[in-house]
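Written below as structure tokens is the structure these notes are about.
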Amino acid sequence: MNKAEKIMLYILPIGISLQYMVFSIILHDNPIVKYWKELIVILYLVLLIPKMFEFKKRNVSMLNVKVGSWSLFYFLFLISLVISTVLFTENLSTAFFVIRRYILPIFIFIIARNLSISSEDIFNFFSYIFKFFGWICMWGIFQAYILGDQFLINLGYPVKYAGRLKDSFYFGGFGSWQRVVSTFSNTNVFGATLGLILVVVLINREFIKVKYYNFLLGIYFLTLLLTFSRSNWLSVGLIIVLVIIKKRGILSKISILLVGVIVTLVFANVLFGINVFDILVQYIESTVTLEDNSAAGRKGIWLEAFSYFKNSPFGIGLGRVGTVSDVVSVEHDRIMGESSYLAVLLDTGIQGFIGYYGMIVSILLGFYNRMKRYKSLLYKNINFTGVCLTIYVLIMFIFSNHIYDMEITVFYFLFTGLLSNKKIYEKEKYGFIQEAI
């Protein structure tokens, strides 16, 4: 990986994390910076294209780009997007907006798979992300509980009515108690991003070179708790169970961290009157009893979306599902969806659903098969991480339209692309036994 590729790789998570607060709110989606991700992808492709062809002694060029079985499903998904655009979508600008959100993260996946990178480079990158997002977490807590929601209102965040942000920024039914959002567009997106990073750092403790690792991990768990993102609590909880089953000895460390988080909340209650425990109990109770609007309404939303799919099994067109319809100004027949599985079904039909999720499952199976094949700790960790990242996303997609949130999908495809890069097996710098691919 040359210097230019490394700089762009390290810029990507910074730009993604600051996308909403800086580029969308402060800079008002200025066209000069709005498409910075696309610019990075184009620059990467320019740098990688010469490497995609290696010339043999007989002057015969052979394609050297790494694809895989997932690419067949990806091709099916692309065809489905074209069909949906041509036959069902109202206008091309709407189609472009939605297609961009689907396709760009997968381009990043392809690029990450083909970088000239070693396992040491990858774990240095993950260590950097772990440290950087530690600051993002601390800023989020500081903003929510010291600066308060008025800071976001003054900055230009969307306001529902005078003196109050949109309802999603608050704990439902608990007045003006703000959920931690940090620099992201909403708390669920922030929570999902933290969850993806937690998956990586929990599994790869041996290779994450960061001082105060346990302190940062505690900050992550505390911040995730204060996002009050239930779908991400569930996803992280299930992944922790998998990690405990797979890696002996981690249970005691996680227990110590949870005790630390609880002690911190007790101090917050005593010093600042912030009684998170009562709110947690009420929040969980309202979820289980379906008194919370979000939990109570989801079943009806799913049934409505599925009825649309039954009537139009090949898709209803792009831009009508979830908050995307607000952005592209679709004023009629808006469908909430509240599930990324239903979103793909409605956008691209059953054929697109098979294409997109067939691709995800192929990535999952690739990691699983390599995890079973290799015996060294490093390679098992790398592929177990890929398995857990994919399971995490598949669980999270059940409860939300996060498939449209590029903050989440870019991180997922970037991480799995790096972890599935075959070049990391070619040169080992951590002292483990090298194994042939």
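Backbone N, Cα and C atoms are what each Cβ position is placed from, and that goes for glycine too.
Automatic, uncurated: that is what TrEMBL annotation is.
Predicted, not measured: the structure shown is a model, and the values here were computed from it.
Features as listed in TrEMBL:
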type	residues	note
TRANSMEM	7-27	transmembrane segment
TRANSMEM	39-55	transmembrane segment
TRANSMEM	67-88	transmembrane segment
TRANSMEM	94-113	transmembrane segment
TRANSMEM	125-146	transmembrane segment
TRANSMEM	184-203	transmembrane segment
TRANSMEM	210-227	transmembrane segment
DOMAIN	216-356	domain 'O-antigen ligase-related'
TRANSMEM	233-249	transmembrane segment
TRANSMEM	256-277	transmembrane segment
TRANSMEM	341-365	transmembrane segment
TRANSMEM	377-397	transmembrane segment
TRANSMEM	403-420	transmembrane segment
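Counting C-beta pairs under 8 angstroms (sequence separation of 6 or more), the transmembrane segment (233-249) reaches the transmembrane segment (377-397) with 3 or more such pairs. Between the transmembrane segment (210-227) and the transmembrane segment (184-203) there are at least 3 Cβ pairs closer than 8 Å, counting only pairs 6 or more residues apart in sequence, which means the two stretches are in contact.
Summarised as a single figure, the pLDDT of the domain 'O-antigen ligase-related' (216-356) averages 74. Across 67-88, 125-146, 377-397, stretch 67-88 shows the highest tally of CB pairs under 8 A with the transmembrane segment (341-365). Between the transmembrane segment (377-397) and the transmembrane segment (125-146) there are fewer than 3 Cβ pairs closer than 8 Å, counting only pairs 6 or more residues apart in sequence, which means the two stretches are not in contact. Through the fold, the transmembrane segment (403-420) approaches residues 12-13, 16-17, 19-20, 37, 68, 98, 101-102, 104-106, 108-113, 115, 117, 122, 125, 184-185, 189, 192-193, 196-197, 200, 322-324, 340, 343-344, 363, 366-367, 382-383, 385-386, 389-390, 393, 396-397 of its own chain, all at least 6 residues removed from its boundaries and within a Cβ separation under 8 Å.
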